[in-house]
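Q: What follows is a single structure, and I will ask about it in a moment.
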Amino acid sequence: YLDHGLGAPAPYPDPLEPRREVCELNPDCDELADHIGFQEAYRRFYGIA
């Protein structure tokens, strides 16, 4: 058990996070992502994810 008083470690950076944010800002992409998943929705709107 290691507790250095720093809280939880930072999660590993998600390489898809910038694309996920782009999709979330587009209401149509965001809605589609709710149904088929972010990566497929992004691919349909913007090309290869």
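Including glycine, each Cβ sits where the backbone N, Cα and C put it.
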Q: May I ask you to name which of E24, E31 Swiss-Prot has annotated as 4-carboxyglutamate?
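A: Swiss-Prot annotates 4-carboxyglutamate at E24; the rest carry no such entry.
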Q: Where does the hydroxyproline label fall among P9, P13, P18, going by Swiss-Prot?
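A: Looking at Swiss-Prot, the hydroxyproline feature maps to P9.
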Q: Please report the distance from the Cα of E17 (4-carboxyglutamate) to the Cα of C23 (disulfide bond), rounded to the nearest angstrom.
A: 10
Q: To the nearest whole angstrom, state the Cα distance for the pair C29 (disulfide bond) and E21 (4-carboxyglutamate).
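A: Distance (Cα to Cα, whole Å): 10 Å.
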Q: Check the domain 'Gla' (1-47) for me and report the mean pLDDT.
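A: Taking every residue of the domain 'Gla' (1-47) together, the mean pLDDT is 85.
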Q: Pick out which of the recorded positions E17, E21, E24, D30 has the most other Cβ atoms within 10 Å of its own Cβ.
A: D30
Q: As a test of the contact definition, list every same-chain residue at least 6 positions from C23 (disulfide bond) whose Cβ is closer than 8 Å to its Cβ.
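A: For C23 (disulfide bond), the qualifying residues are C29, D30, A33, F38, A41, Y42, F45, Y46.
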